[in-house]
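Student: One structure, as C-alpha cells, below. Some questions next.
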C-alpha cells in the first residue's frame, strides 16, 4: 500500500469483510458483480482452460495472456486511468496478465470461522480479550460442546430453564427434541451459542475502552493488596497482573489501529492471486500444483456441502450441521496453518501440505527470501577476508565486482573523455579490460562510497559505509576492527555490497554510516572497534621480545630470576657491541635484510630524557672502553659517558616489533592531529 506521503509500505493485520470484498469485486457492464470463488476446480481437463468461477477463473483474476480474453479475442490494452474494458461474451477484462499476481478473490463461508492465528497462537488474542480459558473457547469453536450457555443479553428459553429447580430429569429428554425439529436453526441462533458465531457475537459486544478501564482498576487493586503470605496465591496474583497488562496492551492496539475485534472471525475467506499459487506443467505433461490450491479446494468442497445442508435440506439434523461447520473450521485452519491443532494434514505420498503460514514464515518464506532478501540492482556478494593494510574506513573490492557495480559510471567516463562514441563501444572496451578502464574505475570509486551489509542485520552497525579500494582476487577485504559491529569473522562469512545512487543516500553514507563514525556501541556506549582474536595475537607477537641477549650475564637480575638453573660461563663470555642503531629506519632496514629478528633485542639511540638522567637507578653493569668512555647498562636503557662523565648519548633497549608498533601509533596520532587542524 502507499500512504499519503507516497511511501510504499506493507502492513499485516485484520481487515473487515467489506475490505475483502472490495479487493476482489469487479462490476461487469451488464451489472453483474464477480469476485466470489464458488467452484473447487482449476483447469478443464479437455480444453486446459481455467474453469469459470474456479480457483483460476479469468473473469475473477484476469486473463492468462495480456489483452486476450477467454474467447480468444484480442484488444489493445488501454491506459490504467481509462475505464476497464470487458469481453461481452466471457466477461474477462482486457488488461495485462500481470494482474493475476495481485488480483484477489474470496470465498463466502457458510458459517463464520475463527482465524486460527488469533485463537491458537500463544498468547491467544481472542482468549485475552474475552478473559476466558483457551480450552473453553476451543470447545466452543470446534463444536465439542453439544450444549453451550446463551450469550444473548435478552431473555431466552435456556435462561428460563435456570429459574426452575424441579423437573430436572424431564429437561434432559425434552431439550434434545429441539435438535431434530424444522425450526432448529431459529432455536439454535436464539437459545444455543456454539461455533465461531458465539465468539463473533461476544467480540462484537466488547467495549475496548471499558476493558481498558476495568483492567487498569483491577490491576491497581491487586497491587494494593500486598503479599498474601502464600507462595501459590502470590504467584497467582502475579500471573493475573501480567495477564491484565497484556489485555490492556492488546485493547490499546485495536483502538490505535482502528481494528474491530470481531474481524478476528472470518465470514469471507480471501483467495490468493493465482500467480502466487501456480500450477506448472513439467516434462512428460504432468502438472505440479501448489499445496495451497489443494487446501483451497478442500475448503470449497466442505463449504459448499454446508451451504447445501443449510439451504436445500430443511430437515437436516442439527448435529449434522454442527459437524459440517466443524469440518469447515478445520479446513480453514489447515489452509492458514497446517498442524497448529496437532497432526498435520498429508497428501497421498505422506507428505505434509505447505499451508499459508509455511509459505510466508522462515528463512525460505515469502518475506525473507523474496521480499527482504531478494537481489537488487547495483549490489554484489562475496566472502570476506582480512585486509591488514586497509584503513578503518576502507574496504577492498575485487576488480570483478567493482567493474560490474560501477559499469554505468565507467561508461559515462569513457564517453565524457571521448574514448567511446556510444554505450555499445564503451561496453566492448570494458570487456577488453584495458589499463584505461581501471584508471577510470579508480577515479569513479574515489568519490563514491559503498555499503557493506552482513545478514542478519540486527542493529544499525550491520550496515556501514566504506571507501572502496581495488584489490586482486574475488574476496572482499575488510578491516578486522569493524568485524564486531557486523558480528563477522573470517571463517567463510559472506557480505553484500551495495552502491548508493542518489545524492541523499551518498550524503547519508558519508555523514552517518562511515565505519570511522561508528566507533561506539549505540546501545551502551562502549567502544565497538576493539582488537580481537588475530589482532591480539599479532600485538603479542609484535611486542614480546627475546630478553636474553643484551644483558645475558651474571649481573642481570632478570636472568637470575627467570633462569636460576642456567649457568653463564664467565670465561667464554666477553662483551661485544650489541646492535646499535641511530634511528628506527636503520633498525627496520636491518630486519628486512634479515640481519636481526623481529624479537631480537637491540639498542636504539634516543633523545636525552631528563627522567633517565635524573634516575637514581643503579646500573647493572658498566663497561669501559680503552679511550676512557664507559657504557652504563641499566634494565631498559644504556648511557654512554665520556671520560669526564658527561652523557654522550642514550640508547633504549627495544625490538623491531616495538619500533613498528610505536611508528604506527605515532603516524595515527599525527594524522588525527592534522584532521583536527583542518577541521578548525
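Positions of Cβ are set from backbone N, Cα and C atoms, glycine also.
Residues or ranges marked as Zn(2+) binding site in Swiss-Prot (evidence: sequence analysis): 69, 71, 87, 90. Residues or ranges marked as Mg(2+) binding site in Swiss-Prot (evidence: sequence analysis): 489, 491, 493.
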Student: Taking the Cα atoms as reference points, how far is residue 71 (Zn(2+) binding site) from residue 489 (Mg(2+) binding site) in Å?
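Tutor: Checking the Cα atoms of residue 71 (Zn(2+) binding site) and residue 489 (Mg(2+) binding site) gives a distance of 61 Å.
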Student: Taking only the binding-site residues 69, 87, 90, which one has a CA atom nearest to the CA atom of residue 493 (Mg(2+) binding site)?
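Tutor: Smallest Cα separation from residue 493 (Mg(2+) binding site) among 69, 87, 90: 69.
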Student: So among 69, 87, 90, all listed as binding-site residues, which is physically nearest to residue 491 (Mg(2+) binding site)? Use the C-alpha atoms.
Tutor: 69
Student: Suppose the Zn(2+) site is 69, 71, 87, 90. Which further residues of the same chain have a Cβ inside 8 angstroms of that site's Cβ centroid?
Tutor: 70, 72, 73, 88, 89, 91, 92
Student: Cα of residue 90 (Zn(2+) binding site) to Cα of residue 489 (Mg(2+) binding site): how many Å, rounded?
Tutor: 61
Student: Around the Mg(2+) site recorded as 489, 491, 493, what other same-chain residues have a C-beta within 8 angstroms of the site's C-beta center?
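Tutor: Nearby residues not in the site list: 384, 488, 490, 492.
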Student: From the Cα of residue 69 (Zn(2+) binding site) across to the Cα of residue 489 (Mg(2+) binding site), what is the distance in angstrom?
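Tutor: Rounded to the nearest whole number, the Cα-Cα distance is 56 Å.
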Student: Near residue 87 (Zn(2+) binding site), which residues of its own chain have a C-beta under 8 A away, given they sit six or more steps off in sequence?
Tutor: 69, 70, 71, 73, 93, 94
Student: Check residue 71 (Zn(2+) binding site) against DSSP and tell me helix, strand or coil, would you?
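Tutor: Note: residue 71 (Zn(2+) binding site) is coil by DSSP, not helix or strand.
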Student: So which of the binding-site residues is most packed in, judged by how many other Cβ atoms lie within 10 Å of its Cβ, out of 69, 90?
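Tutor: Its Cβ has the most other Cβ atoms within 10 Å: 69.
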Student: For 489, 491, 493, listed as binding-site residues, tell me which one has the smallest number of other Cβ atoms within 10 Å.
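Tutor: Fewest other Cβ atoms within 10 Å, among the binding-site residues 489, 491, 493, is found for 491.
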Student: Determine the Cβ neighbour count for residue 71 (Zn(2+) binding site): the number of other Cβ atoms within 10 Å of its Cβ.
Tutor: 12
